[in-house]
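J.: Please find one structure pasted underneath; my questions will follow.
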Amino acid sequence: MQLNELNCVILCGGKSSRMGQDKSKLILKNQNLTQFQVNKFSKIFKNVYVSAKEDKFENHFSLIKDSLEFEVYSPMLALYSILSNFKNEFVFVLSVDSPKVGENELLKMLPFLEQNYKIIIAKTPLHKHPLCGFYHSSLAQTCKNFLEKNEQKIGLLFSEIKTKFVEFEDEDAFLNLNFYEEYEKFKSELK
């Protein structure tokens with residue numbers, strides 16, 4: 001299996017409360033963070049989609065909207081909505097605010113898709129990264145079951161589904177832009 005045979009979905013539906021503004025629209029090199037991620041991953045994957053509660057991008061991207069079945073704001077709903085759009089395949093899911101994840105990290109996770117796992121996510125010494133990994137589309141119903149019980153955390157899947165945590169030493173590759181200072185620092189590194 002090759003990366004260019006797979007689909008990628010960039011999650012852009014977070015509340016961005018710590019950032020104080022919508023992270024998906026932060027500007028990097030004359031484009032917003034969403035466009036930055038879509039451009040990068042379009043060179044790697046078959047298709048790149050954007051996941052959000054509504055179309056805040058004026059039809060600029062292939063959008064997967066959160067399902068209207070549940071009136072919640074959660075990563076589990078986003079994952080359920082994403083996986084419901086695909087049939088019998090792995091999908092790479094990444095939060096828009098993880099701009100340093102790239103092909104090297106993906107290639108380290110890729111071999112585990114051929115093994116007997118349904119979830120393959122990145123893990124660093126300090127964190128598991130549930131919004132950086134491959135999820136099999138067959139998990140949509142399991143996500144729905146959690147939502148029906150008002151369980152919103154993606155991490156709940158890991159105890160029920162065969163999951164591979166792919167170990168990475170470098171925390172920096174999985175930088176998450178939660179605060180404006182982190183965004184400013186990352187922006188200055190791009191120059």
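Cβ atoms are placed via backbone N, Cα and C, with glycine included.
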J.: Taking Swiss-Prot at its word that Leu11, Cys12, Gly13, Asp66, Asp97 bind GTP, choose the one of Lys23, Lys87 listed for that site.
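T.: It is Lys23, as the record lists it for that site.
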J.: Which residue, of the binding-site residues Asp66, Asp97, has its CB surrounded by the fewest other CB atoms within 10 A?
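T.: Sparsest of the binding-site residues Asp66, Asp97 by Cβ contacts within 10 Å: Asp66.
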J.: When you tally the Cβ atoms that lie within 10 Å of each candidate's Cβ, which of the binding-site residues (Leu11, Cys12) has the highest tally?
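T.: When each Cβ's neighbours within 10 Å are tallied, Cys12 leads.
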J.: If you pair up every Cα among Leu11, Cys12, Gly13, Lys23, Asp66, Asp97, the residues annotated as binding GTP, what's the maximum separation in angstrom, rounded to an integer?
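T.: Looking at Leu11, Cys12, Gly13, Lys23, Asp66, Asp97 as a set, their Cα atoms extend up to 18 Å apart.
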